[in-house]
Amino acid sequence: MTSVNAVLLGLVQAAGEFLPISSSAHLVLMPWLLGMEYQGLTYDIFLHLATLIAVLIYFRKEWFTIIKDGLTKPKTEEGKILWLLVLGTIPAAICGVLFEDWIETVFRSPFVIAAALIVFAVILHLADKRAGQKDVALNVKTVLIIGCAQALALMPGVSRSGITITAALFLGFSRAESAKISFLLSTPIIAGAAVLKLKDINPADINAAFIAGFLTAAIFGWLFIKFLMNYVQKHNFNIFVVYRIALGVIIIITALMK
């Protein structure tokens with residue numbers, strides 16, 4: 001793998017992980033569209049570790065408080081957040097352990113990915129209209145709904161950030177609250193997935209290109225988080241809806257022409 005390819009894949013991972021456009025769809029489609037070979041599990045793990053570092057650094061103050069309060073005063077409203085986030089991770093974790101390999105095999109078709117991009121873009125658009133319409137809080141019910149929605153992101157094209165933001169918007173959270181919940185909920189699931197796969201890392205695969213991709217994913221991951229958190233303060237999610245639909249249409253046309 002060249003350094004250019006590594007940087008490109010790192011950039012795609014960073015954008016797709018934190019923007020509601022589906023990193024898995026882009027990483028699956030790039031080899032198909034551009035003729036790039038699959039870079040292997042070691043590189044996938046490196047990219048996920050990079051995005052984990054990005055979200056931990058950006059929300060370092062929040063996570064410090066969440067963990068401290070969760071361990072020292074778990075019965076308070078502040079202390080419950082840690083355990084709610086853990087609870088919200090369970091549905092996706094269970095589905096990932098049981099069905100990830102099957103899902104990645106069955107749903108890697110370009111047509112399926114395109115359909116997921118388009119269908120869930122429309123759902124995001126509908127949810128966006130409900131942003132901030134209710135006085136809602138993070139509790140067992142809301143976090144389980146968002147957590148169950150997160151499990152759908154195992155299918156390429158759905159988007160983990162997209163589906164969790166969509167679920168939060170449908171519940172009545174504001175756009176900024178929905179994005180923050182999505183990012184906080186992503187931390188344990190990304191960490192868990194990376195830790196489970198660490199044993200599969202082949203040190204012989206690690207080279208300068210891998211490091212370049214890792215740094216790209218970490219740096220741009222942080223930048224994309226910052227961008228989205230600022231963007232949703234004044235804008236809706238329509239730009240991502242349009243992008244997803246356009247990409248889905250392009251994929252379908254390209255697949256039919258091949």
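Every residue, even glycine, has its Cβ placed from backbone N, Cα and C.
Here the structure is a predicted model, which means the values were calculated and not measured.
Per Swiss-Prot, transmembrane segment is recorded for 14-34 (among others), and the stated evidence type is sequence analysis. Within the chain, the transmembrane segment (14-34) has long-range Cβ neighbours (under 8 A, six or more residues past its boundaries) at 8, 44, 50-51, 54-55, 108, 110, 113, 116-117, 124, 153, 156-162, 165-166, 183, 186, 190, 216-221, 223-225, 228, 237, 240, 243-244, 247, 251, 254.
Look at Swiss-Prot and you will find 39-59 (among others) tagged as transmembrane segment.
Annotated transmembrane segment per Swiss-Prot: 79-99 (among others), in sequence order. For the transmembrane segment (79-99), the list of distant contacts is 66-67, 69-73, 138-140, 143-144, 146-148, 150-151, 153-154, 184-185, 187-189, 192-193: same-chain residues at least six beyond its ends, Cβ to Cβ under 8 Å.
Summarising the annotation, Swiss-Prot assigns transmembrane segment to 106-126 (among others) and lists sequence analysis as the type of evidence. Residues 20, 22, 25, 28-29, 32, 155-159, 162-163, 165-166, 169, 237-238, 240-242, 244-245, 247-249, 251-252, 254-255 of the same chain lie 6+ residues outside the transmembrane segment (106-126) yet bring a C-beta within less than 8 angstroms of a C-beta in it.
Cβ atoms under 8 Å from those of the transmembrane segment (136-156) belong to residues 22, 24-25, 28, 81, 84-85, 87-92, 94-96, 99-100, 103-104, 107-108, 112-113, 116, 162-164, 166-168, 171-173, 181, 185, 189 of the same chain, restricted to positions at least 6 beyond its ends. What Swiss-Prot records for 136-156 (among others) is transmembrane segment, and it gives sequence analysis as the kind of evidence.
Sequence-remote contacts of a segment are chain residues at least 6 beyond its ends whose Cβ falls under 8 Å from one of its Cβ atoms, and for the transmembrane segment (176-196) they are 17-18, 45, 48-49, 51-52, 55-56, 58-59, 62-63, 66, 85-86, 88-89, 92-93, 96, 131-132, 138, 143, 146-147, 150, 160-161, 164-165, 168-169, 225, 228-229, 232-233. Annotation comment: Swiss-Prot describes 176-196 (among others) as transmembrane segment, evidence class sequence analysis.
Counting same-chain residues at least six beyond the ends of the transmembrane segment (209-229), those with a Cβ under 8 angstroms from any Cβ of the stretch are 1-3, 5-7, 9-11, 13-15, 17-19, 42-43, 46-47, 49-51, 53-55, 57-58, 176, 179-180, 183. Annotated transmembrane segment per Swiss-Prot: 209-229 (among others), in sequence order, evidence recorded as sequence analysis.
Distant neighbours of the transmembrane segment (237-257): 19-22, 25, 29, 33, 110-111, 113-115, 117-118, 120-122, 124-125, 128, 157, 159, 162, 165, 175; these residues of the same chain sit at least 6 beyond its ends, with a Cβ under 8 Å from one of its Cβ atoms. Under the heading transmembrane segment, Swiss-Prot lists 237-257 (among others).
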